[in-house]
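> Pasting a structure below so you can have a look.
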Amino acid sequence: MPRRGAEGPLALLLAAAWLAQPLRGGYPGLNMFAVQTAQPDPCYDEHGLPRRCIPDFVNSAFGKEVKVSSTCGKPPSRYCVVTEKGEEQVRSCHLCNASDPKRAHPPSFLTDLNNPHNLTCWQSDSYVQYPHNVTLTLSLGKKFEVTYVSLQFCSPRPESMAIYKSMDYGKTWVPFQFYSTQCRKMYNKPSRAAITKQNEQEAICTDSHTDVRPLSGGLIAFSTLDGRPTAHDFDNSPVLQDWVTATDIKVTFSRLHTFGDENEDDSELARDSYFYAVSDLQVGGRCKCNGHASRCVRDRDDNLVCDCKHNTAGPECDRCKPFHYDRPWQRATAREANECVACNCNLHARRCRFNMELYKLSGRKSGGVCLNCRHNTAGRHCHYCKEGFYRDLSKPISHRKACKECDCHPVGAAGQTCNQTTGQCPCKDGVTGITCNRCAKGYQQSRSPIAPCIKIPAAPPPTAASSTEEPADCDSYCKASKGKLKINMKKYCKKDYAVQIHILKAEKNADWWKFTVNIISVYKQGSNRLRRGDQTLWVHAKDIACKCPKVKPMKKYLLLGSTEDSPDQSGIIADKSSLVIQWRDTWARRLRKFQQREKKGKCRKA
């Protein structure tokens, strides 16, 4: 039988949706006529630039299971259909039997192919009257943006009815719309309340579409955006975007229309005439994809999900896919696709995160921060070399070998961090080279790890033979060493200190020779607490002239001496009583033994 009761543009919308139903129902034979050519992706324009795209408008209820709280036929029961002939009402009674397909009225008839010439109707048990109710619950399978909910009746329309929606797959329910001739009594709502910007996300109650007539074929159609003040600017109305979103729809029939004869003597016949019967339940809308997909598909688990584009992800394309966090996720609009943008990590990172503060500081252009930069890079964009590496300017920053190791010399360099651009290591005094691996001009290598390069003396220091004539009384003044001298525990114990020195340079200072020496090892400490490193050695000019001690530049010696005050109150003094012997490497072990014996108090016995 033809539909009646739809009004205005909504009727055209419902008609178009009804005509589209067979195509949605799955007739594979129709596909043989389809042109087998690749269709352009609606989510991108002809230049490949992203643009808003939305799935097709569908009747999302078609073919889906509806859970109902009451269905006639279990056990078989009588029902009577009321028709009007003039002013007379005529009842014709029938049997509802769930086990007989010809007499059954199952819930599947709510969402099957609706053929006006062969109506199939779901039907409830007779006379389920207020305060009892009958509910129809439909799961859409995922979030949809619902445009309308419509029901076409085989019975008179309910006197009171409510439509609810769920956004969390039936865990909680929110009112969508109320219909009643007594809104205040049934739902504690005023009838036909004005919709304003302040309450446009609230359900209202209306007494329209609640007449008892027509007795069959009546339509109730609820438009989710009709009369909502900001519907014209839906893209910029998060309130309405949330309002139309649903995963489930529930219809509650609260109160039957009656003719007032249900309490008369033959009330049993009358009560068998009052029931709810619906030939078609439609939920028109689009798969919710936030403007980032043009269709919904089945995933591996057979769940309905958006086929996301614009680098988005999620069942509703409601987040950016991994590594595309350079700006925050946004819903696409007619003006801006708001695609997610990949982080700029110069091919050195696989993960990143979004930082709102950086995004704001950049003028809302970039907020991505790269995580775990590889290939020896560092920084928010993996755009410079980490400590200990420098840029190889012959390669782009995106190259996996864009950063080279500094390779600073472990002795010549003052640290392992080099210049990020040139690779120049920080060199110690007198050291040069990009890795600090050689002595600078005017310097020569030493064996000291502290000062590996020392300045070359301008001229060799004068010796006793060249600078000062040997005094005539040297034989009576001191006894110069001749041949090889030996060291023993007794000699070691008699002296205040014992050190290995390297003579670096010498200069005359009045009656003294001032030697710059490098103390390589300390085998015995005096009161002045000698330490390794550069030190000043003072020797009286007469002692040098008499060759006691006899020293030469750039030679190493073992010096055993006594603690005396030096001319400038710094350094150490060697005199004719000091023991200065050219160094032999074999002495190191013997001197360590002397040192251990001294610690045990052996020097006091010697």
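The backbone N, Cα and C atoms fix where each Cβ goes, and this holds for glycine too.
Keep in mind that what you see is a predicted model, and the values were worked out from it rather than measured.
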> Cys343 has a disulfide partner in Swiss-Prot; which of Cys320, Cys352 is it?
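In Swiss-Prot, Cys343 forms its recorded disulfide with Cys352.
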> Candidates are Cys370, Cys373, Cys382, Cys403. Which one does Swiss-Prot pair with Cys385 through a disulfide bond?
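If we follow Swiss-Prot, the cysteine bonded to Cys385 turns out to be Cys403.
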> Sorry to bug you, but what's the C-alpha spacing from Cys345 (disulfide bond) to Cys436 (disulfide bond), rounded to the closest Å?
33
> Taking the Cβ of Cys436 (disulfide bond) as the centre, count every other Cβ atom within 10 Å, in any protein chain shown.
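The answer is 25.
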> Over the domain 'NTR' (474-603), work out the mean pLDDT and round it to an integer.
84
> How many neighbouring Cβ atoms, not counting its own, are there within 10 Å of the Cβ of Cys287 (disulfide bond)?
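Step by step: centre on the Cβ of Cys287 (disulfide bond), count other Cβ atoms within 10 Å, giving 27.
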> What subset of the recorded positions Asn97, Cys370, Cys406 lies within 10 angstroms of Cys343 (disulfide bond), using C-alpha positions?
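So the list is Cys370.
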> DSSP on the domain 'NTR' (474-603): how many residues come out helix, how many strand, how many coil?
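Within the domain 'NTR' (474-603) the tally stands at 30 helix, 47 strand, 53 coil.
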> Tell me, which disulfide-bonded residues from Cys154, Cys352, Cys370, Cys408 are within 10 Å of Cys427 (disulfide bond) if we use the C-alpha atoms?
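Cα filter at 10 Å returns Cys408.
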> In whole Å, how far does the CA atom of Asn118 (N-linked glycosylation site) lie from that of Cys287 (disulfide bond)?
30
> Within 10 Å of Cys296 (disulfide bond) (Cα to Cα), which of the recorded positions Asn97, Cys289, Cys306, Cys308 do you find?
Cys289, Cys306, Cys308
